[in-house]
Structures are given as C-alpha cells and as structure tokens.
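Data first, discussion second: the structure below is written as structure tokens.
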2 protein chains.
Amino acid sequence: MTKAPALLPEGLRDRLPRQAEAASRVTRALVDAMRAHGYGRVSPPLAEFRETLGSDDDRSGRDLLRFTDPVSQRTLALRPDITRQVGRIATSLLAASPRPLRLCYAGQVVKLRASQLRPAREMLQVGAELIGSDSVAAAREIVTVAIDALEAAGIGPVTIDFTLPDVVDLLAFGPLPVTADLQQLRDELDAKDAGALARIGAGAYLPLLRATGPFDRAITDLRAFDTSGVLGGRIDALEAIAAPIRDRVTLTLDPTERHGFAYQSWFGFQIFVPGQGDAVGRGGAYAIPVGEAEEAAVGFSLYPDPLIDAGLGAEDMAERRIFLPLGHDAAVAASLRADGWRTVAALTDADDATRLGCAYVLGADGPVEA
Amino acid sequence: MTKAPALLPEGLRDRLPRQAEAASRVTRALVDAMRAHGYGRVSPPLAEFRETLGSDDDRSGRDLLRFTDPVSQRTLALRPDITRQVGRIATSLLAASPRPLRLCYAGQVVKLRASQLRPAREMLQVGAELIGSDSVAAAREIVTVAIDALEAAGIGPVTIDFTLPDVVDLLAFGPLPVTADLQQLRDELDAKDAGALARIGAGAYLPLLRATGPFDRAITDLRAFDTSGVLGGRIDALEAIAAPIRDRVTLTLDPTERHGFAYQSWFGFQIFVPGQGDAVGRGGAYAIPVGEAEEAAVGFSLYPDPLIDAGLGAEDMAERRIFLPLGHDAAVAASLRADGWRTVAALTDADDATRLGCAYVLGADGPVEA
C-alpha cells in the first residue's frame, strides 16, 4: 500500500463512528417506516449510462459527474438522484407489476458541484415513490408516509410547505391571460417581486403573493382570489391532503413556489426543520415518461445529512460498552452481546477500559462501572 | 425527464424488493454483530483521489474506475475496496485514537472490470478492522468476530481456510535456501505444481504441498515437515486461533495459498460456503503504511452478494402484508404497522389485495386471509 494523504477531494468526507452509526440508525428508521406502508425497497446501481440519469437541457444533466467506462466505451455518470432511477425501474423491470406500485430507497448520491448551502457533493438520499397514480388519495398517502418516516427517525418538529406547480398555467390559460412570457411570470411570482409583476402587466396576479403563509389563512386568501373557481379543485385537494396531518405538523402554503419543483405536475411540498435553512426534503406529483406516453406518480425524497451532522440519531458511545478483561468467560461475553452490550475484549495487560471508551468493565459478578 | 432505456452498463444492476430487502437485512445483521464486538462503524466516501485508492504497481491500482474531477482538476476513482479507506481513516483522522482501534464498515464498491467468476462490477463489501496489533490474540478475535457476524446473518455452514503468507520467506531465508527466484517458488507452491518445484531445485518444499486440507491433519504434517522448528511459532499461533472456533466451523489449512493475500503479513484466512466457488470473504494480518513506518492490523472483508442472489436473507413478501380497504380506520392501520405489519392502503375501489401482494385484508374484526 502507498502512503494515504489525509485529504479528500472537496465535498467528499469520511464519517466517523458517532456520525456513521447515527446515519445508519436514521436510515433504518426511515426505511422501516416506508416499508411498513407497503413500499418495497429497491437498490439501483451507483452509476449508469449518462443518458438515463439526466438531460443536458436541465439542471439534472448539468449536475452529473461523468466518466468513460472502459468496458462499454460509453459515458457513465454517478447518480445525482435516485428518484429517476426508481422511475426507470418502475417502467422497465417492473412495467408489468400491478399499480399502484410502491417503492422506496436509501443510498448515496453524488453531485458534480456543491452548493453554498450544502458543501457536500456526496449525500444520503432516502425516499418513497408511488407509481401509477397522482390522485389526491395518492398525494395524501405519500405526505402521510413522509411524516411517519420523519417521526420514526426522530426528525421534527417539521413544517410542511405545500405548493401548486401548475397554478400559473391554470390561471394564464383560463381567467387571467397575460401578454408577458409565462416563464417570466413564473419567475417573478417565485421571486415574490410585486413591482416586476406590475411592470410585466400581470398585476392581476398580485393577490397570489399574499396567499402565502400559515395554511388556513393562505387557503382562505387563495379561495377569495379564485373568483372564477378555476383553482377550486386544487384548493379542495390541498385541504384533503392536509386533513389527516394538520395536528401532526405545521402546515404552510406557498402556491407559487417553484424552486426544486421543475418536474412536479399539480402538487408539491417541501419539508423544513427549524434551524435548517434548506429544505430537508421535498416531494409531490409528477409524470414518468414511458416512450411517447407517461405514467403518473407521487413521491418524496429526504436528505438527512445536515440533521445527522447536527446530532440526529447520535448515541452516547460509551454507554452499554463494556470492557472484557483478559481471561474473561467467552460464554458470559456472548450473553452480554445478546443483551445489547457492546463488548471490547482486552488483547494485552496494557489495554485499559476507559481509554478504549468503555463505561463498564466485566467483573466477577457482572458489569461494574469503569 | 427523457425516456430511460431498460439497459444498464455491463456489471451494474438494479436490485428489486425481494433482493434489496434481503441485502439490507444481511447488512444489518453483519454490522450489528461487528458493533456488538466493539467495532465502530465508519463511512468513507464513494470516491477519492486516485493515489489514495491503489497503486499502479499492483492489482488494486489497475482495477480502478477513474475520472477527472472538474472541481479539483485531479483524477479521482470509485473505491474498489473499503479496507484501504479504513486504513487511511485510522492513520489520519483517528491517528490519535487509542489502540487497538476497532472499526467496521458496509458499503458498495466498484471495480473497473468484472471477473468470470463474479460478473458484478458493483458489489457490497462488509468488514471489520482491528488496528494497532497483529498479535495472535488480535487474529483470534478477528476470526471470531467474522464467524459471529456470518452466523448472525444466517451464512453457513462455512469452511475457514487458514494460510501462512510468509511461510516461504521463513523457510527460504532459514533452513531451506533455494537458488530459484522466490516469487517463482511462491507461484509454483500456489499452483501446487510438484513437477515444477522439482525442476527449479525446490524439491525440499514438496512436503508443504501435502500439509494441506483438514486442519488437524495438515497441522500434523506441517509440524513433521518443520524439523528445524522455524515454523513452530506460526503453527502454535494457528492452533491458538483455531481453538475457540473449531466446534463452530470446518477448518482447513493451505499454508502456501497466495491468491488474495498479497498484503497479508503472517496470517490469512478465506471463508467458503458450500456451492460458492469463490471465497465469500477473506482476512488476515497486514500492515498499514504510515509515512516511512507502518502500523500493524488484522481484519476481514465479506462479499455477500452471491449468497443474497442465492436467497440469503429473503423473506416471503406477502406474509405480514395486509390490505387496508377504502375507509379503514387510520388508528387501526397505525397499530398494525407498530405490530410489524406492512400495510397497503386502497386508493380506489379497483385496488385489489391479492394483486397488490397482500396475504391479508383488514376486516371489521382485524386481519383476515385474502
């Protein structure tokens, strides 16, 4: 072996035991909660053909860490996202499986560049996808599964922020036509720039900026704004999705939020945890392309690394860690492990319980404090 | 999103729920068993600088899937092995941690090329390393931890094949000097080619080829061969390592086995499972370079994928999977999940329990068979 420099590439890092075990604990809790709702875990590969991971037309494709595969002589990329891989599995290997098809996943993803908010280029992504429906019932289920998973992993209190990705299309092609470019209208609404809205002749959209904030008040404002009733179905849907979770989380509405919802069709949501600037997860309704057609789906993704860095899932490493002196009884040691103890066996007389991080030592009559 | 072709690059694949969940179950059992022995889990990154992952002088370096990192403008590679990363962590971030330092890991590794025996280029590697000692006590512990982990994951019955990587050096620089090149002598012994041994004037080594097979008989043959006593310490060590495990596994000895032991110092072992041609794991004593010096270590790695493909860890997917009809009681559903049921909720009247893989349906009085 050659000498290993201590430095790693920018954005890549080692997780030491306290954090690595916390990450493992959090992942297990999230995956178990999703599986309890009938979501079968799938594991796509770390890399695949570049074309199947994203398109150069959008951010997904520009974000790829690519390389030439000497075996296939083709360009592969590390996966920047697992949702798309799950869509590929659902519409290929599992194309014939009954719908709705419920799948979940947990794994590392790698991005070409870090962002200022998130300096990591490799991160844990955990999520669930329900394929074959984007109905209100499907959206309600996926939001509930996300909240159950977060709760099981000890993540909270959370705020869920709903959005309506197609609200501008419904209005502009309906009661509120605009002369401005639709993408520009969407951008100004996303930026909450009232002055710009007036300048591009979209003053009629101004009340939308106020229909933002705590869910009940924002929904009331949205209904008042929707004099034509074109948003009635969407508003009813949001209320139906909110009903089973309103006592469990803080709910907000931001109908024109666009960030991170490039693919969502009619419903999106972001998950926030106090003290974390960026969302810890997002989800919604979307469509998976299948040849010339598409298949409806709902899903969510969580990125728990910043929470784990902040202490989520961490345990006292010395607790339940017991030192086994030289000449200890192997059967007693095995029964301690079966009872949940972590044993640390002495290899020499020089080994010391406290130095080796053990709060306990195995004495003649069982565990004693070190 | 663009259309996703169903094909993946050669050697990469998707794991569907039955196998992905089995892999997760097996990984948890292995990691939990290693943690119970005081091995703290670490998680190194999927990729790092090419120089820290292997050297071009040996197979480790030639096996690397490399790419240029646009951020650092340096060559990175996907990790083909986690042991070396753990050595890097132990001698850098954890250089000041008390020894012996016990670490474990589980993760995906990626190789440039598949082998005929193992067509996968991405595979699961799980293992443990004890850093700071390569004593007989350390070797005995690491072999015991390996067997406990295998047993916890339901892997077995296993055969453990011991080897002595430095046996030729001990003999050739001691009682049995040879004129032949030492590497050639090692190769002919590894190939068990009696004719070649005679041809290169190493006929004195012939009895070593017979000291192979069931442990007790092979040890007896090895002692008989070792008239000078130069191997006495090694033989005593092997017997000490074997003592606590001889009733738990089938033990064999192949003192001149070299395959996969390029890095091992004085002791190596391979783990075989009936029906699997290739070893499912290997380990032994080795040295981690630290500047001009080195640090002693023992460890092992397991590659459980072929066993998972053969059904290890798989469960009946329909069992404990219960269909929740429309209008079911959410609190009852939650209590079923808390009891270990996997619930599958109807989204429409058309959803069908059996089609959705449920062996049970929630009736008015609780679960009934579907």
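Cβ coordinates are placed from backbone N, Cα and C, and glycine is handled just like the others.
Note that TrEMBL annotation is computational and uncurated.
As written in TrEMBL, here are the features:
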type	residues	note
DOMAIN	B:24-325	domain 'Aminoacyl-transfer RNA synthetases class-II family profile'
BINDING	B:D81, B:I82, B:T83, B:Q125, B:E129	L-histidine binding site
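Predicted-model confidence for the domain 'Aminoacyl-transfer RNA synthetases class-II family profile' (B:24-325) is 94, expressed as mean pLDDT. The binding-site residues in question are B:T83, B:Q125, and the one with the fewest Cβ neighbours inside 10 Å is B:Q125. The record gives B:D81, B:I82, B:T83, B:Q125, B:E129 for L-histidine. Within 8 Å of the mean position of their Cβ atoms, the other Cβ atoms in that chain belong to B:R84, B:Q85, B:V86, B:Y105, B:V109, B:G127, B:G299, B:S301. The record assigns B:D81, B:I82, B:T83, B:Q125, B:E129 to the L-histidine site; their largest pairwise CA distance measures 13 Å.
Annotation for B:E129 (L-histidine binding site): same-chain Cβ neighbours under 8 Å, separated by at least 6 residues, are B:Y39, B:T83, B:V86, B:G87, B:A90, B:R102, B:L103, B:C104, B:A297, B:V298, B:G299. In the three-state DSSP reading, B:T83 (L-histidine binding site) counts as helix. The C-beta environment of B:I82 (L-histidine binding site), restricted to residues of the same chain at least 6 apart in sequence and closer than 8 Å, consists of B:P44, B:Y105, B:G107, B:V109, B:Q125, B:G127, B:S301.
Cβ neighbour count for B:D81 (L-histidine binding site): 18 (other Cβ atoms within 10 Å of its Cβ, all protein chains included).
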